[in-house]
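Feature annotations, reproduced from TrEMBL:
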TRANSMEM  6-30  transmembrane segment
TRANSMEM  42-59  transmembrane segment
TRANSMEM  65-88  transmembrane segment
TRANSMEM  95-116  transmembrane segment
TRANSMEM  128-148  transmembrane segment
TRANSMEM  160-180  transmembrane segment
TRANSMEM  186-209  transmembrane segment
Amino acid sequence: MAEASFYIGVIGNVISVLVFLSPVETFWKIVKRKSTEEYKSLPYICTLLGSSLWTYYGIVTPGEYLVSTVNGFGALVEIIYVFLFVLYAPRHLKLHTIVVVAMLNVLFPITAIAATRSAFKDEKTRSHSMGFICAGLNIIMYGSPLSAMKTVVTTKSVKYMPFWLSFFLFLNGAIWAVYASLQHDVFLLVPNGVGFVFGTMQLILYGIYRNAKPVSSSKGSSDIVADEEKGLTSRVPLLT
């Protein structure tokens, strides 16, 4: 059983790496244009927060090194994304972005880790408390797919919910839910089970609306890009 969970975890790592790298095209555009335009930094800041905490969880939890390795990679990638965003953000957004990064990517992780280490002396209890925090954050972040799906239903268009990203969300949730089941890790199972459900719902919506005639939308361009960003948020590896 342990061998099966290892191979499934390796497959999950490969899929998660692909999902972590999915925004590369967006940041290539940002670098070329030397501007973040209407893109939002919060999805990448939140992903960095989740990846950092899951890395720590994988380190302090026996047998979860696959979780720590893939999220360590994800944290590194997200640091690059956030750095590029700060570098090319308009002047009036730079300070705001830096403050949010300091609060969510520095202050919050340090506080969470310090609190669990000081409050609990037993390593297993520390691991469980961190797993609870990580799973809770992931479940909160799962509100983003709802926005993307609402946009699809409203506009009858899947333009801002690309098939392959939806498919990888589905596959990512399924693989890591199986891995969590084999490892008897409820903190991985719950958020990935939710990810699997949302991924399935997105694929069903894609099948329904992929050939539908889009309706005209009164949304401005900034609203559309915001929806796209929310859609991209749902594609980060929330497994882990």
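Note: Cβ is positioned from N, Cα and C throughout, glycine not excepted.
Automated prediction, rather than curation, is the source of TrEMBL annotations.
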Candidate ranges 6-30, 95-116, 128-148 - greatest C-beta contact count to the transmembrane segment (160-180) (under 8 angstroms): 6-30
Beyond the flanks of the transmembrane segment (186-209) by 6 or more, those residues with Cβ under 8 Å of it: 57, 67, 128, 131-132, 134-135, 138-139, 142, 145, 148-149, 152-153, 156-158, 161, 163, 166-167, 169-174, 176-177, 179-180, 234, 238-240
Residue numbers, six or more beyond the limits of the transmembrane segment (65-88), whose CB comes under 8 Å of its CB atoms: 6, 9-10, 12-13, 16-17, 20-21, 23, 27, 30-31, 34-36, 39, 41, 44-45, 47-48, 50-52, 54-59, 94, 97-98, 101, 105, 179, 188, 236-237, 239-240
